Amino acid sequence: MRLSELHTGDQAVIVRVEGRGVFRKRILEMGFVHGKTITVVQCAPLRDPVYYRIMDYNVSLRREDAAKIEVELISSNATSSPASNDIGEQSANPDSNESIPTNPTEDISAKTKSEIEIEVKPNGHVIRVALIGNPNCGKTSIFNRASGAHEHVGNYSGVTVEAKEGLFRHGDYKIEIIDLPGTYSLSPYSPEELYIRQYLSEETRPDLVLNVVDTCNLERNLYLTLQLKEMGLPVVIALNMFDEFEKKGDTFDYPALSAMLGIPMVPTVGRTGQGLPELFDTLISIHEGRNKIIRPIRINYGSIIEPAVEALTEKINNQLSLPYSLPARYIAVKLLEGDKEMNRFVGEQPKGLFILSARDFALREIDEHLTVARDAESIITDQRYGFIAGALKETYRSSYKQLKTLTDKIDHIVTHRVLGFPLFLLFMFIMFEATFVLGRYPMDWIEAGVGWIGSMVNTFMPDGSFKDLIVDGVIGGVGGVIVFLPNILILYFFISLMEDSGYMARAAFIMDKIMHRMGLHGKSFIPLIMGFGCNVPAIMATRTIESKQSRMITMLVTPLMSCSARLPVYLLLAGAFFPDSAGLVLFGLYFLGILLAVLLARLFKKTLFKVEDVPFVMELPPYRMPTSRSVIVHMWNKAAQYLRKMGSIILLASIVIWFLSYYPRYSEEAVLISQIEQIEGNPQLDEEKKTSQIEELNRKAHIEQQEQSYIGRFGKAVQPVLAPIGFDWKMSVSLLTGMAAKEVVVSTLGVIYTGDSDDSDEAARRLGERIREDRDAEGNHTFSPIIALALMAFVLIYFPCIATVVAIGRESGHWKWAVFSIIYSCSLAWIVSFLIYRIGILFF
């Protein structure tokens, strides 16, 4: 029977895993091994993928991948019993009955002890500690608490996509802590896992490894721990989320497990900092050689595999001179597992080909003793999980409470076949509506404050170019952008809730089938959603996607997700031309970006990238209530980033734009003064007509001044390209300057339109009003609702900001893709805006 044939509520025991390559490797390492109990929890709204529970954690698989797993049904449509009933049961492996050392000192070979002996060498008063653990284990929370940093934390895989370093003092030592990306194993299954293994193996090898473990999911998390021990690394375990474990009511003799594994263990609560002083005291005791618990262990891989491991280990010791301190036994096991990176590494060493030949001979001998359904790789994985299960059998007792947890109840609603998609769309609409509606009130207050400051400066500063620079350049440019800070904070508030609660992983789960049809992986959805905040970290988050082709497609379409930098443009124009339906316009723009991403992904899949079918294997973390500290830190970081941008690139851009629009000065100023004097001295005109005619003269003179300025000439030069889509030279200039950062579009419009009048009350008016009422020399409106829509669509699609282009070039490994993203996005923006404008003027 196949796993894909089971129904919701069914329980089965895994018999074997078929398939090959990365899918089989990853699925085995995630606990899908012989003898483990698995329960079907729920299907996605489109019936694919399927949500399973195994070893006390949740994971999703596509049906086509589940069909590769043979199971034996043990309970049909039954209420799930705790997956923790696997804890304490050895893997039913017929090839070995000696995988579990019941005595802490048993099963350590004197022959191999020297080769995997852990050397903890003091390095002055600085200790380099690598922080490593599974995704969602609270690793970054511990990093933030320990180092005082404010790195973003989230309840989904892929929050940390590069190493972060922090330095702090504890006792007499400085501790340099490196937060590595979350990983399930040390197999090079994804770019981040390869990066971690290279970091731990090469000259960057740390003094100590702090392995953060989710105490509520020990069996799954300890698999990585065993791999770290096999590498000969000095390991300390932080039993994180210990408060949640205590609420479960299970009993856990962690000192006994610590002695059994030879690894010191300290209970911690990362979000509150509980247990961290004791944790770092333990690290220091190991560094100083005072800890009596830490020692090497060796897993016996059974009567068939173990002789091959020992023989290959001996050959490696005798034949290879390795550049790094990797244990020979670890290399032997990896070679027998078929680890491609280890094959490459050994093959590059002197006499490496001899070792690979010996490995091939050993595998042939192993195959002669195995059934068709098993191989060396699966037995090695089984034995590791068997070792873990036996150790937990001695130290862990489950309370066997009802498994219908809060996570199950919430998932029954948010991933429901009928309700899943509508709830997701409703949440997104609420996010955009709240961004505009709730943000409008503080935005009005800030805008009034900016206007008041502009009026005061206009009133009390003496006339001159410096006054114009301050009022039109600095206040008009920077002030026009800073008013949108509350809206951006609200947007990040909702994104933070999605990430920290665990809903982000569910969104990827329900969207996987759609993403799969697009040619993308379900995990691509997470970078795309992250793109609503900022495209740069979203592109970096594509590292979690195993398929190179899917990763490339995701990189290229991620800039179509409307980042927070575009939001000020949308709010400005939507508020000016669609005040009663601005939230709906925002939702439509974000939906347009998603729709274009879908279409382009399919196009890229069929033309540029032949996407291989990579399995969707993704853990669904339990729901957690976002802490106020985490949400506030996330929002504060984004606010600080926004304000830094105000004081740097936007301020500089505003000043440059003001200079370009202010010079050269109007050459006919003397004629204008003469005309004004004639009007004022004309006795046939009343005061109202005099004021009206003088205002009209000033308006035309200002238009001519701007058109003759450097920026006006530049805008006129590029306007013919954008004229077919209804854009005048002012809009053209704002789009060109917006290539640096999308907020500069608003600051450019603020500089250009703030100078439209010398009257302080007029200058203090809302920028949106000035844009809406702007007229050309003939008195025609330069803006209309259709042009505003076309401009917003253009800003959505065209040139990613410089930082995004650089990120695409670096992450893809080829700058040609960065250039390609510029060309295709600008071309697509012109086409879409042309269609909006031309179709719009036919009906409106």
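Each Cβ is built from the backbone N, Cα and C atoms, and glycine gets one as well.
Summarising the annotation, Swiss-Prot assigns GTP 1 binding site to Gly133, Asn134, Pro135, Asn136, Cys137, Gly138, Lys139, Thr140 and lists sequence analysis as the type of evidence. The GTP 2 binding site feature in Swiss-Prot is assigned to Gly158, Val159, Thr160, Val161, Glu162. Annotation source Swiss-Prot lists GTP 3 binding site at Asp179, Leu180, Pro181, Gly182, citing sequence analysis. The GTP binding site annotation in Swiss-Prot covers Asn240, Met241, Phe242, Asp243, Val269, Gly270, Arg271 and is backed by sequence analysis. Feature annotation from Swiss-Prot assigns compositional bias 'Polar residues' to 79-106. Taken from Swiss-Prot, the feature region 'FeoA' covers 1-73. Summarising the annotation, Swiss-Prot assigns region 'FeoB' to 74-844. As annotated by Swiss-Prot, transmembrane segment applies to 418-438, 475-495, 520-540, 559-579, 581-601, 646-666, 786-806, 817-837.
The binding-site residues shown are Cys137, Thr140, Asp179, Gly182; of these, the one with its CA atom nearest the CA of Phe242 (GTP binding site) is Cys137. All protein chains considered, the CB of Met241 (GTP binding site) has 26 other CB atoms within 10 Å. A 10 Å cutoff on Cβ-Cβ distances gives Asp243 (GTP binding site) a total of 14 other Cβ atoms nearby, all chains included. The full span of the recorded GTP binding residues, Asn240, Met241, Phe242, Asp243, Val269, Gly270, Arg271, taken as their largest Cα to Cα distance, is 11 Å. Cα proximity to Arg271 (GTP binding site) (within 10 Å) is found for the following binding-site residues from Pro135, Gly138, Leu180: Gly138. Most Cβ neighbours within 10 Å, among the binding-site residues Lys139, Arg271: Lys139 holds that distinction in the structure as shown. According to its DSSP assignment, Thr140 (GTP 1 binding site) is helical. Most Cβ neighbours within 10 Å among the binding-site residues Cys137, Leu180, Val269: this distinction goes to Cys137. When the region 'FeoA' (1-73) is classified with DSSP, helix, strand and coil residues number 16 helix, 30 strand, 27 coil. Apart from Asn240, Met241, Phe242, Asp243, Val269, Gly270, Arg271, the residues listed for GTP, the same chain places the Cβ atoms of Gly138, Ser141, Thr215, Glu244, Thr268, Thr272, Gln274, Gly275 within 8 Å of the centroid of those Cβ atoms.
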